[in-house]
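Enquirer: Sharing the record's features from Swiss-Prot:
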type	residues	note
BINDING	E90, L117, D118, G119, T120, D262	substrate binding site
BINDING	E90, D115, L117	Mg(2+) 1 binding site
BINDING	D115, D118, D262	Mg(2+) 2 binding site
Amino acid sequence: MTSRTTTATELDEIYTFAVQLGKDAGNLLMEAARLRFSNNNANHDKESTTQEFTEKDSAVDIVTQTDEDVEAFIKSAINTRYPSHDFIGEETYAKSSQSTRPYLVTHTTPTWVVDPLDGTVNYTHLFPMFCVSIAFLVDGTPVIGVICAPMLGQLFTACKGRGAWLNETQRLPLVRQPMPKSAPGGCVFSCEWGKDRKDRPEGNLYRKVESFVNMAAEVGGRGGKGGMVHGVRSLGSATLDLAYTAMGSFDIWWEGGCWEWDVAAGIAILQEAGGLITSANPPEDWATAEIPDVKLGSRLYLVVRPAGPSEGETAREGQERTIREVWRRVRALDYTRPGA
């Protein structure tokens, strides 16, 4: 089945399948976590065993057996139900050779993009901000997104034209308020430290920290770049950053370094809820440049929550104004990728 023959009825069926698959995969994550709880209860007076993991590209880029088991479960279910569909999973991709890794999702056939456990570091520390992320793409565009955060009891779902939902009953966003007139002032700003920790004055870590301080500093500070945001949040999960922006709990998410599986499901949910997503890196003419659509594989993302209109400003105008004010305060990040 090619994307040209994916009918509305078929998309509904795929959506139903994806939602159930997300629930089942979330249950597997929770079962693995509970096993650690039960082992600790049974051996309360003894030293607890630690969660074993393997480093990939760095000490903060890790994989557990749970990551691999859950991805294998998801991939098997998809291959059984939709054998003609393509599949890209984080762990499958990581194990492929550099020469065979695809740069971008440009498949003309329907494609599933999966992160079996986003927030692996959180999971190893039993911090509840971890989830499974499942996206379905048509012509390279996310049209279905499912994010299950089992320890939080939260399920985020969306299908193009059918709305975005929390736990299948609450429409997203929870509220649709205008963007603050002083944005980024009055906003909750979400960002991540990332996995690039190289100690270089012009490295991504330093650029991020400078941007964080600009966003947080008092108005008039930092050479006029002080944003005085209400707060800065870092969840350790790009997928959940997107979900909470779609929910309206975060006003802004700014990030570089993510991959397709980190963001595909969240983008589907965010856009269906009415959020706006573009490139994290500011153009030279940030005040007047056209705000481009994000490229899924670009690794550079700036997101503004769903918004409502205000007197004299449409919702879209408020979102675009906020994007420009963020661009004015952040550094360009160095995450290059062929084809992006």
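Using N, Cα and C of the backbone, Cβ positions are placed for all residues, glycine too.
Situate these features within the shown structure.
Expert: Sequence-distant contacts (6 or more apart, same chain, Cβ under 8 Å) of D118 (substrate binding site) comprise F130, C131, V132, S133, S237, A238, T239, L240, W261, D262. In the three-state DSSP scheme, D118 (substrate binding site) is classed as strand.
All protein chains included, L117 (substrate binding site) registers 28 other Cβ atoms within 10 Å of its own Cβ.
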Enquirer: An 8 Å radius from the center of the E90, D115, L117 Cβ atoms defines the neighbourhood of the Mg(2+) 1 site; name the other residues of that chain inside it, in order.
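Expert: Near the Mg(2+) 1 site, beyond E90, D115, L117, sit D67, V70, E71, G89, E91, V114, P116, D118, T120, V132, S133, W261, D262.
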Enquirer: Pop the Cα-Cα gap between D115 (Mg(2+) 1 binding site) and E90 (substrate binding site) into the table, whole Å please.
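Expert: So the Cα of D115 (Mg(2+) 1 binding site) lies 5 Å away from that of E90 (substrate binding site).
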Enquirer: So how far apart do the substrate binders E90, L117, D118, G119, T120, D262 get, largest Cα to Cα in Å?
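Expert: Between the outermost Cα atoms of E90, L117, D118, G119, T120, D262, the distance is 12 Å.
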